[in-house]
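Undergrad: I have a structure here, written as structure tokens, and I will follow up with some questions on it.
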């Protein structure tokens, strides 16, 4: 009996030594470079080193507990030291590779306060704040590396392409929203009789809503999830965009478009964060760049719909004189369709598994990752392939006080990162200002060319004549119209100054941009005619069934088609830049692409100085858009990789909000310089772009980053 007791004692000591050795190995830092881990994965197709850490710790705890049992039960064990792990084992209980084992089990042993049981890990309550933060940081780094290997096992296939097109519809909606503003602005302001003092507010108010929306929805997506916030933000955009097409007052229209912009503001920061979290590192730069093409598709869609719908004034109806639904309102409804499609399609997609893991939701993340793996394997014709992941490392969940301290430290790190890349963010924001200035310059050149063809009539006298045709681009000064009839005709950009109308008859007359200034009407009759009288006298004249509101017409208006065609060309010009950036993003690096694109854009911007004709400006617009799009794509990729998962939406939203702020300032500053000088916008934009590009070339690249 004594010999058996000694044998058991020796066995217990040996188990204790083995447990200590296992604990020593488990406590080592297993974080290595992702490239080495990726090579290991591709060679051995295994990332068990992440699982073995948990298993070693569990084995250690098991040995420690068995050590006590050996001492207590030594006298009762007659059949030798059998292991508890094999006692009562059944073949049916065997866990196969790929079978889900749930959240890694934590130690259930209880210790007295202030004491640590022999062989047990130190309780969190006895650790310092710094130790807890270091453990959390180590867990996050380990999770980032393991997650990278998991995404490699899941592969890139059908699931990513499905999500690609769904998120592409959301990004397309953002592009449509930007172009809708410029296309409906002239028509909406004319239809709603907006005075010159209120003109231009529509463009600024929409960008203002997008600015606040980017920051709000981006930050909220770090708390509620990518899918949930994107669904809500897109629904807000779709509802108020649709509603704006029916409101009649300009103030209500502005409010609806602002809330619509607030909703779509969340699209860019959430879409890129969402998609990046289901991509392996070697695929991230390329496929995020391909995703950017949907913004271009949105611009092309808006241009094509504007060309097909807005000039057709006949596509309208009215309910009395109070409610008018013109063709531009039909265009607004059609432009809401991509947003509605995105909302419907998004309901069938899962939440980001990386977000689930960051929130400590291991089970939900495992289910989504298995869905990604199985979807891709079925598409490859390999449905028998087993998802071999059964445990995923999750970061240690800290208590509220420690978490607040960690957030403060993380926010400080985010601020430092933003300051590091701030020159490029600020420089790229100049793109918006210049992009707003380009169309205004082209419109100014068109207006100058149109004004140069104006016909001026001085001191004319016309008697007993019937006007039943369109008068366009004319100025009549000191004229006398006696016994004349204006029937079923149109005034387009016609101004009468200091003229007299004696015994004249006006019936069914429409006018666009036409006014009677300081004129006199004597014994005249108006029927179904708009009132555009400014500082004029009306003597013994009558008005019947006057037209309310402002009259619109696009008949024989080829300039509207030309504006939409120019925007179509400018948007299509970014296609080569999109292709180049997608193919080279992972080869030459994000910052090299960003800096090179900005330098070339700045140089092309400088040559605008020599653009004196409309055709030259259109060519320079296309060249500028083609060169600058690579910088936009690079900035989207860099911003995604720069911030950790729990702050990615917030960081991206803040950067995107700064770009929208630049658009508002561009509307105010660059727009006020149109027609005055080209020097300030050109020199300011070109110098900032070139300077920011040179700084970007010297910044550290992010293509080797894993998603922390």
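Glycine is treated like the rest: Cβ placed from N, Cα and C.
TrEMBL does not curate its annotations; it predicts them automatically.
The structure displayed is predicted, hence computed values, not measured ones.
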Undergrad: Pick from 110-129, 130-149, 330-349: which range has transmembrane segment per TrEMBL?
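TA: Feature transmembrane segment in TrEMBL: residues 330-349.
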Undergrad: Given the ranges 19-42, 43-66, 67-90, 163-186, which one is assigned the annotation transmembrane segment in TrEMBL?
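TA: TrEMBL lists transmembrane segment for residues 163-186.
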Undergrad: Among the residue ranges 591-610, 611-630, I'd like the one that TrEMBL describes as transmembrane segment.
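TA: When 591-610, 611-630 are checked in TrEMBL, transmembrane segment belongs to 591-610.
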Undergrad: Given the cut-off of 8 Å on Cβ pairs that are 6 or more apart in sequence, determine whether the transmembrane segment (650-670) and the transmembrane segment (330-349) share at least 3 such pairs.
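TA: Counting Cβ pairs under 8 Å (6 or more apart in sequence), the transmembrane segment (650-670) does not reach the transmembrane segment (330-349), since there are fewer than 3.
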Undergrad: Just to confirm my parser: what is the rounded mean pLDDT across the domain 'Major facilitator superfamily (MFS) profile' (163-703)?
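TA: That stretch averages a pLDDT of 81.
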